[in-house]
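Per TrEMBL, the features are as follows:
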BINDING   165, 166, 167, 231  NADP(+) binding site
DOMAIN    6-120  domain 'Tetrahydrofolate dehydrogenase/cyclohydrolase catalytic'
DOMAIN    139-279  domain 'Tetrahydrofolate dehydrogenase/cyclohydrolase NAD(P)-binding'
């Protein structure tokens, strides 16, 4: 068996094309999508990610605003800045770049974003709506993981899905989205007994634990679809949570790192900006 490489860049381009048409329709109706990104401090990686968001927005005609606060800002100052964006009728979408400087409560900051403008689905309100099966803003990375599995031909109904990782940003929402699609879902984590025994049952394995090449061939069911969410910096460059080369002879399809989940996550962010603006219009 030689696994198919699921091209995230191709799927992202397809998604952005459909979003572009929706943006034009919104503008024709007098609705102007606008993303405001709040940056606290000057983390180099965050600067890069914010720059990518600006570039993607400008390419598609979405207004972009960057608001900056110093790393010494108090929690009250950060919350006040978010409230200003919440109250601004011209801002249809808000995102806070992570990580925040030490001393700031990530959960409190995310909870301060207006749920309707929370395009990364990080507000607990949106997570609760997702768990309840109700319309909401969905986190971009888990949405991308599910979309890539479907691009690989997966019909989730009745499939066994194993999510490796239980983070509130990826693992938990990915499990909830798979459940919504009628999959049977198992979430594995650091306390899971017989981890390989669990992952070997998966028709679809979603790896999101941040450990380079952690998933090896003996952990994967022959013919499984593997979605590698991890992105880890090593002396050999960027690698995922899966040993891609070893899995090529076992899996039926696998996402590359880089070029898999990342580009689709960026596209899903645009999709959420469009959705947030549509709700306003």
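Backbone N, Cα and C define each Cβ position, glycine as well.
Here the features listed in TrEMBL are placed on the structure.
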residue	record	Cβ within 10 Å
165	NADP(+) binding site	23
166	NADP(+) binding site	18
167	NADP(+) binding site	18
231	NADP(+) binding site	16
Across the domain 'Tetrahydrofolate dehydrogenase/cyclohydrolase catalytic' (6-120), the model's average pLDDT, rounded to a whole number, is 97
